[in-house]
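Accompanying notes for the structure given below.
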Ligand code: GDP
Ligand code: IMO
Ligand code: MG
């Protein structure tokens with residue numbers, strides 16, 4: 001019985017939360033392994049909407065364990081806010097059901113301040129980050145000066161680390177013309193939040209090892225998507241972590257064989273929020289219509305998402321670079337009623353045809369999509385729960401996409417509701 005990793009195969013917001021929630025009925029534990037509260041995952045269960053950023057999407061199911069792995073960047077204040085909010089929706093969350101890796105690096109207020117100041121300084125060249133401090137927190141991790149959850153329990157170590165951290169950050173703040181920070185500016189709020197977050201700290205690699213050896217099923221939940229991956233995405237318009245399933249093991253403290261089936265999530269079209277290249281972006285009424293019908297506004301920042309046709313070249317590339325075994329295609333219903341639907345099957349660059357997205361940022365911005373045009377369908381797919389309910393043209397569309405991306409569609413989603421999902425091939429049984 002394979003464990004399953006769920007990852008985005010586009011630029012994020014593919015519907016990972018919905019699919020992880022749906023799949024979590026088959027799993028014992030759900031683990032987040034990268035990213036932070038830049039993520040926004042939406043679950044709709046019997047008409048009730050849950051919005052999660054840092055908490056694994058399995059948290060709403062009773063009797064499942066949720067884990068935040070070491071590969072995440074962890075904002076303790078955002079964590080407590082989210083735990084409080086989800087509890088107020090009637091969800092039971094406690095250290096018995098939710099564990100956070102004791103070696104997770106913290107996002108501090110100085111990180112979000114730096115994130116925002118840098119974006120402002122970039123002006124028109126801004127990345128369009130979520131402003132949550134994700135990039136600066138990962139920088140401190142890699143530079144070996146991060147404060148980690150376990151440090152909160154050791155006052156002497158914490159003080160020393162805050163001093164070292166500020167020696168670096170005050171240089172940056174001075175350079176940006178911003179006010180410098182005193183150790184107490186960090187230590188006081190950290191001391192205040194410590195009793196609330198420390199009870200969740202745990203040796204999660206041990207927990208996961210024990211669960212694995214007991215034959216329990218693990219579901220790894222990715223955030224963002226392949227094209228936002230720090231190596232494989234549209235660099236520098238990316239997030240600051242590896243979003244591909246290759247990071248699921250390292251980001252949770254397990255070996256690569258712990259990850260079995262890799263399920264990539266993609267929409268039946270494409271969206272992107274923030275700046276950066278987007279070859280199939282639509283600037284016309286069709287793009288507007290997709291955005292309206294798909295309710296394409298960000299969960300975290302409320303920003304309007306850019307919309308375009310499905311890019312089979314990009315998703316195929318995500319499948320190859322991320323080792324994706326099968327796809328869950330979401331939002332097929334948003335394409336209902338279009339006369340024709342286009343799919344990008346190649347790029348044109350300087351008179352040459354390409355079957356992949358080149359790494360060079362200037363080239364990525366210049367590639368022109370080569371489209372195949374499909375006849376649309378008039379009947380509704382919305383809420384369909386079986387393959388037989390789908391119009392013939394919709395089935396044709398999905399089958400052709402499978403050929404283009406060279407991977408099977410294992411799941412299809414036809415509305416935001418948990419159970420409006422068609423299972424073709426159970427990832428846990430594969
Ligand atoms: P995530 O970040 O990948 O978890 O995705 P988000 O939650 O940010 O964005 C996906 C949005 O699409 C959410 O509002 C979901 O409720 C919604 N959604 C998911 N699947 C479907 C679907 O099949 N059809 C429609 N119409 N909406 C969906
Ligand atoms: P989920 O998990 C869509 C984008 C931001 C920006 C870039 C860098 O909901 O799919 P960051 O704050 O990470 O430094 O921003 O990445 N971004 C996302 N876009 N979905 C997300 O998460 C995203 N998380 C970050 O818009 O372009
Ligand atoms: Mg999202």
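Along the chain as shown, the residues are counted starting at 1.
Glycine is treated like the rest: Cβ placed from N, Cα and C.
Taken straight from TrEMBL:
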type	residues	note
ACT_SITE	13	active site, proton acceptor
ACT_SITE	41	active site, proton donor
ACT_SITE	141	active site
BINDING	12-18, 40-42, 305, 331-333, 413-415	GTP binding site
BINDING	13, 14, 15, 16, 38, 39, 40, 41, 130, 144, 224, 239, 303	IMP binding site
BINDING	13, 40	Mg(2+) binding site
BINDING	299, 300, 301, 302, 303, 304, 305	substrate binding site
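Mapped onto this structure are the features recorded in TrEMBL.
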residue: 15; record: GTP binding site; DSSP class: coil
residue: 38; record: IMP binding site; DSSP class: coil
residue: 224; record: IMP binding site; DSSP class: coil
residue: 299; record: substrate binding site; DSSP class: coil
residue: 305; record: substrate binding site; DSSP class: coil
residue: 332; record: GTP binding site; DSSP class: helix
Inter-residue Cα distance where the pair is residue 13 (active site, proton acceptor) and residue 414 (GTP binding site), in Å: 15
Packing count at residue 40 (IMP binding site) (other Cβ atoms within 10 Å of its Cβ): 19
Same-chain residues at least 6 apart in sequence whose Cβ lies under 8 Å from residue 299 (substrate binding site): 13, 40, 41, 42, 51, 53
Rounded Cα-Cα span from residue 38 (IMP binding site) to residue 301 (substrate binding site), Å: 9
Listed recorded positions adjacent to ligand 1, that is, members of 130, 141, 224, 301, 303, 304 whose C-beta is under 6 A away: none
Cβ under 6 Å from ligand 3: qualifying recorded positions of 13, 15, 18, 40, 301: 13, 40
Inter-residue C-alpha distance, residue 18 (GTP binding site) and residue 141 (active site) (nearest angstrom): 30
Residue from 12, 15, 141, 332 whose C-alpha is spatially nearest that of residue 303 (IMP binding site), among the recorded positions: 12
